[in-house]
Amino acid sequence: MSSATVSRKSLDEARNQRNRSFFLRDIIVIRLINAWWIATFFQPDEFFQSLEPAWNLAFGSQSGAWLTWEWQHQLRTSLHPALFAGVYLVADFISSHILPVGILRATILVAVPQALQAVIAGLGDWYTWQLAVSIYGANSNVSFFALFLQIFNPWQWYCSTRTFSNSLEMTLTVMAMYYWPWELLGVAQTTKENPKPAPILKSLWSLRASLCLAALAVVLRPTNILIWATIVLFTITRISLQGPSPLTLSTVVTLIREAIWCGSLILAISAASDRWYFGFWTFPAYNFLYFNLSKSLAVFYGRSPWHYYFLQGLPLICTTSLPFAVASLYKPTAHATSTQQFNVLKTLAYTVFTTVGALSLITHKEVRFIYPLLPALSILAAPYTASFFTSQPSPTTNNPRPQPQIRNKRYLFVALGVNMFLAGYLSFFHQPAPLNVLAYLRHEYERIHPDSVQLAQTSHFSAMPENEDELFALFLMPCHSTPWRSHLIYPGLRAYALGCEPPLHTEPNTPERDNYRDEADRFYDDPIPFLTSELFSPTKALTVPRYIVGFESIEPWLQEFVQTFEAQSLGLTQVRPVWKGFNGLFNEDWRRSGDMIVWDTGVYDNAPPTKEL
């Protein structure tokens, strides 16, 4: 390597060091805007597997949080909700001193989890770029295309600032990949004087950071072990890789020692957190496998064909970059310029194949489960994207390092247009009603019960009003169709929603399991008998709500129900719409089709005016 090349490389690395902090700031600002613009509902786990247990942890068991069966049976690690519980407490402490009493405090508590998640998402994008820099070079056009693919990816825009455990898992995974010693996939460097390979590990602290972050990702989502098992397997065996291995016995011993220490540290932290949260020693990973595999409860939430990830999952997370991602998986090393780069790219490609292949064997599948692979896919697809959309002019004496020129502009603008359309539609127009209806109910509660609102704020949202037994809202819709206490906020805002707990009391492949119908199923199977004989039966002791919330398709059932003797004996003689929310152009679940409506039952005072539909 010439001195000019070395000098140029040093300048590029110095420039990258200077730009790192500025890029991180700008990326986080983009993700904060991203979080602010997300005004739609996607999946229940965004709230019920993170924010609800976090709310319960921050404000106590009387705060009204909804803990699903997974938390009652310790299937989830407490580390994820503990992160948001901390930000809840900090936000409540600061806002209580700035705004001792005021409805703006509720707005702050709704917003702070998304703000924290935006920072986490920004870190994921930034580390994706830095991992690409470590692979392709500090001044490589390809590195910036990896960042470009992350920033303009509609799936990333739609999901990265949502409080899914998969979103945090994605960031932890790419952070761990960045700190991983990829030089172990390089080639042994020997000399005639010393035929033994030189020490290859550059920094033990980077290795420890990688192992701790990887262990944390595995504790958070046990299936993340597939990614790291693949990387370690190829590092040790070098299957289909080039060049002699730089691994020595001492390096292998160091890897094993550090893996044991770092893994034990994270397991100890996780165990202590779970002991504190649940009140006794438990191992959520075992419980997760026991309930979902041994008792086959995962299939209760849906079955998908074996090819789901190949034909739906990868296209959804890649969208317009899919052709480049497919090409890179077919020939991951086509643009490699060194042996180490060849081996790293091949390992990343095999990581995608192994993870997708293994997860395809599991009956219950969701796109979110392969979300941690997105940074690797962006990095693999970046060379193909860069070569398609840019050309490199030949250097001249006056311009020895010419900037790449954009080409195929028509395709570029079409791809960007499609991405922006998808991101915009999903962010604003696809299922906004579940969030809007809770804001409406919260504001109505603030209007009708100002004393209870003041009590909630002075008690830091941890105390129920003593003499308030009003059922404020009844949700007659598929279970978990809206967020819960993270958006309702006030403990005194009592609400009831149809449940859908799996049949924990049954065994797989039994008539009891096959014929099981949860509460939401029973409502949609036969709505009027369900309402008269089950939901409002004397044994249920459910009071008549102030509001009923549901999708527009249930209105004929409600009108029929209020004509029954059972409803009229409860004082429920009419329902009238007072709020209506647009919920998108389509929905894959027929039960959620159409607008969402709030009906007033007329049994309480201070009712709002009728909403014209």
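A Cβ is built for glycine as well, from the same backbone N, Cα and C atoms used for every other residue.
Keep in mind that this is a model prediction, so the values were computed, not measured.
Between the listed residues ASN19, ASN292, Swiss-Prot assigns N-linked glycosylation site to ASN19, with no corresponding entry for the rest in that record.
For the transmembrane segment (369-389), the neighbouring stretch richest in Cβ pairs under 8 Å, chosen from 83-103, 106-126, 216-236, 280-300, 342-362, is 342-362. Of the candidate ranges 106-126, 168-188, 342-362, 342-362 has the most C-beta pairs within less than 8 angstroms of the transmembrane segment (309-329). If you look at the transmembrane segment (168-188), the same-chain residues 6 or more away from its ends with a CB under 8 A from one of its CBs are 80, 83, 117, 120-121, 123-124, 127-128, 130-131, 134-135, 160, 197-198, 200-203, 206-207, 209-211, 213-214, 216-217, 220-221, 224, 227-228, 231, 234-235, 238, 241-247, 251, 339-340, 343-344, 347, 371-372, 374-376.
Across the candidate stretches 22-42, 83-103, 106-126, 216-236, 252-272, the maximum count of CB pairs under 8 A to the transmembrane segment (411-431) is reached by 22-42. With a threshold of 8 Å between CB atoms, the same-chain residues lying at least 6 positions outside the transmembrane segment (22-42) that come near it are 114-115, 117-119, 121-123, 125-126, 129, 147, 151, 157-162, 426-436, 481-483, 584.
Around ASN19 (N-linked glycosylation site), a 10 Å sphere centred on its CB holds 13 further CB atoms from the protein chains shown. Long-range contacts of the transmembrane segment (216-236) within its own chain (CB-CB distance under 8 A, at least 6 residues past either end) are made by residues 77, 79-80, 165-166, 168-169, 172-173, 176-177, 180, 184-185, 247, 252, 266-267, 270, 285, 288-289, 343, 346-347, 350-351, 354-355, 358-359, 369, 372-373.
The DSSP secondary structure for ASN19 (N-linked glycosylation site) is helix.
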